[in-house]
Amino acid sequence: MKSDCMQTTICQERKKDPIEMFHSGQLVKVCAPMVRYSKLAFRTLVRKYSCDLCYTPMIVAADFVKSIKARDSEFTTNQGDCPLIVQFAANDARLLSDAARIVCPYANGIDINCGCPQRWAMAEGYGACLINKPELVQDMVKQVRNQVETPGFSVSIKIRIHDDLKRTVDLCQKAEATGVSWITVHGRTAEERHQPVHYDSIKIIKENMSIPVIANGDIRSLKEAENVWRITGTDGVMVARGLLANPAMFAGYEETPLKCIWDWVDIALELGTPYMCFHQHLMYMMEKITSRQEKRVFNALSSTSAIIDYLTDHYGI
């Protein structure tokens, strides 16, 4: 686990409770947990463009607790990286609470992934299979609450919905009763992929909860974010692919501005972002502003210097 400043300094920076944002009455704009992508450099970028709260990529709690190598590779932060939620994949309350204790000085809270539909995750007892195990979810929340006594440290869950929405409402109410801080709802079932998001279901869940609820699914612009926020009555919206394509989305840009691309280059180079990640993010950002031929050329570039030369030649960056 890496940090660019002393633990005591980070603790001071983390004092603000994200819950306060949800109670402000304003739209809370959240960067989703994205495997490989929502790491420190990308979080730094989206924070420059009106993102209020960021999540780390999903981290397997068991590996994180047992392996120093996993901690060093999976979790990096710095003083400006807040408010921050660390998302864990877990199916064991003790291991999750151990992981939460490790990140507690460096983050504002942890989130339990109860929504990942990937086969490998569900086969391991992680992700979306947990929506069918409310007692296990409750146990994990309780254990973290008992083991981490830091004031304001949040414990949240991110879920998908059931075909029978009553089961989802029951899950959420049980989680709330156990002490969960807020719930993020992706408005699809575990079996659904590209079907329309059930925003009406998210609205019903919110109406049955006293804690904050975040809406998630198919939000590609600030206008869409504001619309989903209004129609669901939720406290915030979480965006994944929309931010990959346009990290400046929450600031109201319809497509990635050149300044954002330049900011990404600066941030990625400063933080030592691996080339593959650096390049992949640019491919997402430039999707809408490059022709098919330009994409072929840009996507084939194989070094940081080649990318910088390309951007300089084509965009004056």
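Note that Cβ sites are derived from N, Cα and C of the backbone, with glycine treated the same way.
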Original post:
Given Swiss-Prot annotates Pro33, Met34, Val35, Gln87, His186, Asn216, Gly217, Asp218, Ala240, Arg241 as FMN-binding, which of Lys66, Lys142, Lys158 belongs to that site as well?
Top reply: Lys158
Original post:
Measuring Cα to Cα, how many angstrom lie between Pro33 (FMN binding site) and Cys116 (active site, proton donor)?
Top reply: 10
Subject >> Pairwise Cα distance for Arg241 (FMN binding site)/Cys116 (active site, proton donor) [Å, integer] >> reply: 15
Original post:
Where among the binding-site residues Lys158, Arg241 do you find the Cβ with the fewest other Cβ atoms within 10 Å?
Top reply: Arg241
Subject >> Site extent for FMN, whole Å (max Cα pair distance, Pro33, Met34, Val35, Gln87, Lys158, His186, Asn216, Gly217, Asp218, Ala240, Arg241) >> reply: 20
